[in-house]
Amino acid sequence: MKPFEYGDEEIGSREIGFAVSSTIIGIGALSMPRDIANQTLFSDGWIILLLGGLICAVLGWFVTRVAILFPKQNFVQYTSAHLTKPVAYTISSILVLTFAALTAYESRMISVISQTYLFSDTPIQLLSFFFLLVVIYGIAGSRAALLRLNVLFLPIVLIAIVLLSLLNINLMEINNLLPAFQTKVSQYAVGVKNSIFTFIGFEVALFYAVLLNNKTAKKAPMAVAKAVMVNVLSYILIYVTCISVFTYMTTRGLTYPTIELGKEIEIGGGFLERFDAIFFTTWIITIYNTTAMYYDVASLLFCAMFPKVKKQIFIFISAPIIFMVNMIPSSLNTLSSYGTYLAWIDMGCVVLAPLLVLIVYKIKRRNGGNETPS
C-alpha cells in the first residue's frame, strides 16, 4: 500500500512552531519538578526555568534564522557548501546517531513509565516494541502530514496541563512557595545550565526549515522562539503547582511529580479517582510526537547524505537496531545518564554547526559583495 503524501510537502511557520513545542514537551516534563527542586530552594525553581527557557528561545531563533538563509536547501547541503563536505557529513552522521539514540531513549522511558503507572503486568520489551511500531507507522508516510499532526495534538496536551493545575487548586498551599529568593546565586548558575536541557527540542527547526514555504519563512525564527516560551510557561505552571501541593522537599523525593499531581485529583467526591491515568494517556500523545520527530529528523539527515536511499529503507533497517539499543540500559539511573550524554551531544552539534556556517557565510558575503545563497 502506497503511503499518502501531500502534493506540496511544504509547511508554514505555524507548523514549525507547533513541531518545536511538541518536541520539547516529552519525558523530561514528568520528572522536571524533581530535577529543578533539587537545584533550588522553595519555589525559586521558576527563575532557572525562565532563564533556561529564554536562552533556548534565543538559540531556537538563531538556528532557524541561519537555516532560512538557505531556502529549500537541507542541512547537509548548506553545511557542505560552507564547512566542506567531510565536515558536514561528520556532523550529520553524529546527529543521525544521536537522534536515533534519542528515539531509543524515549521509547524505553515511555515503556518504563507505562509499566509503572498503567500496564504493571506487561513486559517492558513488549511495550517498547509496540510503541516503536506506532512511531514507525507515523513517520513512514508524509513528512508534512506528521508535522501537521502536532497542530492537532499540542492543544490537547496544553489543556491537560492547565486542568492538572486547576483541579489541584484546592490542595495548594501558598506557604509552601515561601520564602522566596533563598537560593544562592552560584546555585542559580548550575540550575540554569541543567534547565537548558529541559527545553531541548528546538533544534528540529534547523532541519525542518527546508520544508518552509517562501511566504512564511521569515516568520519562522520568531515562531520557534514563541513556541519555546509556551513550553517555559507550561513548565513553570507545572513546577509551581507541584511545590504548592507537595512542598519542595517532598517534590525532591518523587520520581515523577507531574504524574503524582494527577493522583491527587478527585472529582465529584470520588466520581473520578484515576485522573492520573487519563493525564498520562494524554501525555503519551506528546511523547509520541517527540519520538516521531527525532526519528524523522534522523531519516531526513541520512537520506540527505545518501539521496539514493529511500526513507522507508532507512526506517526498516534502523528500527530493529533502535529496539535492541533501547534494551541495553539495565537500570533507570543508567538510562537517565544516557539521556544526559545525548543531550550534550545534541546541543553541542546543533549550536556549533549553525554558528560556524554563519561565520563562513558572512566571510563569503564580505568577499563576494552582494552574493546570496542559491
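Here the Cβ of each residue, glycine as well, is placed from N, Cα and C on the backbone.
Taken from Swiss-Prot, the feature transmembrane segment covers 16-36 (among others), and the record attributes it to sequence analysis. Listed as Cβ neighbours of the transmembrane segment (16-36) (distance under 8 Å, sequence separation of 6 or more from its ends, same chain) are residues 45, 48-49, 60, 64, 106, 109-110, 113, 147, 150-151, 153-154, 157, 191, 194-195, 197-202, 204-205, 208-209, 212, 220, 223-224, 226-228, 230-231, 234-235, 238-239, 242-243, 251-259, 283, 286-287, 289-291, 293-294.
Residues annotated as transmembrane segment in Swiss-Prot, with sequence analysis given as evidence: 44-64 (among others).
Feature annotation from Swiss-Prot assigns transmembrane segment to 86-106 (among others); the stated evidence is sequence analysis.
The transmembrane segment annotation in Swiss-Prot covers 122-142 (among others).
Per Swiss-Prot, the feature transmembrane segment maps to 149-169 (among others); the stated evidence is sequence analysis. Outside the transmembrane segment (149-169), and at least 6 residues removed from its termini, the chain residues within Cβ reach (under 8 Å) are 14-15, 18-19, 21-22, 25, 138, 230, 234, 237-238, 241, 245, 258, 261-262, 264-265, 267, 275, 279, 282-283, 285-286, 289.
Sequence-remote contacts of a segment are chain residues at least 6 beyond its ends whose Cβ falls under 8 Å from one of its Cβ atoms, and for the transmembrane segment (192-212) they are 9-13, 16, 19-20, 23-26, 28-29, 32, 35-36, 39, 48-49, 51-53, 55-57, 59-60, 63-64, 66-68, 71-75, 143-144, 147, 220, 224, 227-228, 231-232, 235, 290, 293-294, 297, 300-301, 340, 343, 346-347, 350, 354. Among the features that Swiss-Prot reports, transmembrane segment is placed at 192-212 (among others).
Taken from Swiss-Prot, the feature transmembrane segment applies to 227-247 (among others).
For the transmembrane segment (279-301), the residues of the chain that approach it from at least six positions outside its boundaries are 19, 22-27, 29-30, 74-76, 92, 95-96, 99-100, 102-103, 106-107, 110, 113-114, 117-118, 131, 134-136, 138-139, 143, 146, 149-150, 153-154, 156-157, 160, 163-164, 201, 204, 207-208, 259, 262, 311, 314-315, 318, 322, judged by C-beta separation under 8 angstroms. Look at Swiss-Prot and you will find 279-301 (among others) tagged as transmembrane segment.
Per Swiss-Prot, transmembrane segment is recorded for 313-333 (among others), and the stated evidence type is sequence analysis.
Residues annotated as transmembrane segment in Swiss-Prot: 341-361 (among others). Beyond the transmembrane segment (341-361), the same-chain residues lying 6 or more positions past its ends with a Cβ under 8 Å from any Cβ of the stretch are 59, 62-63, 66-67, 69, 75, 78-79, 82-83, 91, 94-95, 98-99, 101-102, 105, 196-197, 200, 203, 206, 373.
Scored by C-beta pairs under 8 angstroms, the transmembrane segment (44-64) has its highest count with 227-247, from the stretches 86-106, 122-142, 227-247, 313-333. Remote same-chain residues near the transmembrane segment (313-333) are listed as 100-101, 103-105, 107-108, 111-112, 125, 128-129, 132, 136, 139-140, 295, 298-299, 302-303 (criterion: CB distance under 8 Å, separation of at least six residues from the stretch ends).
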